[in-house]
């Protein structure tokens, strides 16, 4: 639903409890646990971060009894467009004397 490639998801409570990790196998034991097993209730905030896309979401969990049959969750609000991978970092340029305008150091001698 959120177009994330390799997300890390943690409870936004200052403790850093990680629910989903982009590191393979790190949080595999959590796959069959319920949100309530982690103390996540109505009003809990989750932070989802996809480093590969430079993309972070804050998710507010709201309990609802009004979902349609066989619907487990609903995204309410503006769902993001597909983000895509981060652009490549520009290659560093050789900078002389703190200037990158291509000027060369002065070679004149004072008399």
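Keep in mind that glycine also has a Cβ here, set from the backbone N, Cα and C atoms.
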TrEMBL tags one of 40-75, 76-111 as region 'Disordered' - which one?
76-111
Mind checking how the domain 'Ubiquitin/SUMO-activating enzyme ubiquitin-like' (1-68) divides into helix, strand and coil residues in DSSP?
10 helix, 19 strand, 39 coil
